[in-house]
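Here is what Swiss-Prot says about this protein:
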{"type": "TRANSMEM", "residues": "7-27", "note": "transmembrane segment"}
{"type": "TRANSMEM", "residues": "38-58", "note": "transmembrane segment"}
{"type": "TRANSMEM", "residues": "69-89", "note": "transmembrane segment"}
{"type": "BINDING", "residues": "Gly77, Thr80", "note": "Na(+) binding site"}
{"type": "TRANSMEM", "residues": "110-130", "note": "transmembrane segment"}
Amino acid sequence: MVVAPYLAVAIGGSLGAMSRYLVTIMAQNAWGIKFPYGTLLVNTLGSFLAGFFLIVLVGRFSAEESFRLFLFTGFLGAFTTFSSFAAESLFMFEQGYWFKLITNILVNNVGSLSMVFIGTLVAKYVLLGHQGSN
């Protein structure tokens, strides 16, 4: 059995989970707990990073398999959180917070999809944009 892929996922996952916790705490300190800003922030930021690194590391530089596992499956998989998003949405539903619920669902989904797209555009600009001016 090859240990390297499992170790890459474990280390990336540990760092991603710790980063998610820190971002969530910082968001709660900045904006309070009336809306799950921390979850929204990690999901949209993680989506941007996924789009960016998909182009840079996979498309352009063909990163090693173990590094892709570390970053995408490990770090970004643990940094972003669909389960927290779902649990927070269920809480809003059960409490009858309809506006917050709809806002949470729309902003997380549309925001995350948009950020993946924007991440790919930024990566393409960084990689190709400067070549066009030479």
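Heads up, the Cβ atoms here are built off N, Cα and C, so glycines get one too.
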With a Cβ cut-off under 8 Å, give me the same-chain residues at least six positions beyond the ends of the transmembrane segment (69-89) that come close to it.
5, 8-17, 19-20, 36, 39, 42-43, 45-47, 49-50, 53, 57, 63, 101, 104-105, 108, 112
According to DSSP, collapsed to three classes, what secondary structure does Thr80 (Na(+) binding site) have?
coil
